[in-house]
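Take a look at the structure set out below.
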């Protein structure tokens, strides 16, 4: 690390402002959410892996989404649990920079997977007869690898540039985990390059992904409206419900936390903390629930698997 002797060797994380006295009671719902996230996404991966009937592009992309959610949960878990379970707020600067790298990498991967799932739904509705020939197993694998490499390399300059900054007191972060924009604010040296890089990464990845997702659904709706039968229209749109829910669950908190950091300087610290917690906790918890409830094939396989185990 290029930190000077005068720079703090650790950052101090923040729990929930104003609720420090009852913070220990929040460990139960927090641990429950992590358990649901880990078990739910592992269940999705297990069901898709063990059921040959689910070896299709749609479920391969769902597995990628589950992996991204698992990575996001595991990335935030150490510092979140250290605060709420052990009441330990200190985090080493290098560990903090490593954590924010993985948080942002898995966030970009989730955005990319949601785009791939939108493309999958577009092909399934627009070209149902050519669906299997367009989205072959090798094509799905290449898409997944391309998005993983994109996410890892787009975030790679962030820790390198952060290591060049000098951090000064106060060294208190706004959240229970490390985010790029939050760590960057603690610097007392010039951080314009870091700020420009962060904006470029967000616009060129999540921004572009969201625009392409919207475009995909415009084309999907246009195709569905051309279907003569109303029952077939509803059936086609019903295949997109789970994905639409996943998109809203991911992008609404992400937009909210971005707006708070840029324009909500005078907002209550509690708002900043809650928005960030929703951003990292809600998608990994809700996505397996939504897909288990709304996707008939997944729901049936899970119920069948539990029935076999009980028997």
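Each position is counted from 1, following the chain as shown.
Backbone N, Cα and C atoms are what each Cβ position is placed from, and that goes for glycine too.
What you see is a predicted model, and the numbers here were worked out from it, not measured in a lab.
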2-24, 140-162 - the range that TrEMBL marks as transmembrane segment: 140-162
Spatial neighbours of the transmembrane segment (140-162) far in sequence, C-beta under 8 Å, 6+ residues away: 57, 60-61, 64, 97-98, 100-101, 104-106, 108-109, 112-113, 115-116, 180, 183-184, 193-194, 197-198, 201, 204-205
Cβ contacts under 8 Å made by the transmembrane segment (240-264) with residues that lie 6+ beyond its boundaries: 65, 107, 110-111, 114, 117-118, 121, 125, 181-182, 202, 206, 210, 213, 217, 220, 271-272, 275-276, 278-279, 282-283, 286-287, 290-291, 294-295
Close approaches to the transmembrane segment (270-291) from elsewhere in its chain (Cβ under 8 angstroms; 6 or more beyond its ends): 14-18, 33, 36-37, 40-41, 43-44, 62, 65-66, 69-70, 72-73, 76, 103, 110, 174-177, 179, 242, 245-246, 249-250, 253-254, 256-257, 260-261, 264, 298
Long-range Cβ neighbours of the transmembrane segment (98-119) (under 8 Å; 6 or more residues past either end): 58, 61-62, 64-65, 67-69, 71-72, 75-76, 78-79, 91, 143-144, 147-148, 150-152, 154-156, 158-159, 162, 177-180, 183, 201, 205-206, 209-210, 212-213, 216-217, 243, 246-247, 250, 254, 280, 283
Same-chain residue ranges lying at least 6 outside the transmembrane segment (196-228) that approach it to Cβ under 8 Å: 104, 107-108, 111-112, 114-115, 118-119, 121-122, 125-126, 150-151, 154-155, 157-158, 161, 180-181, 184, 236-237, 240, 244, 247, 251, 254, 258
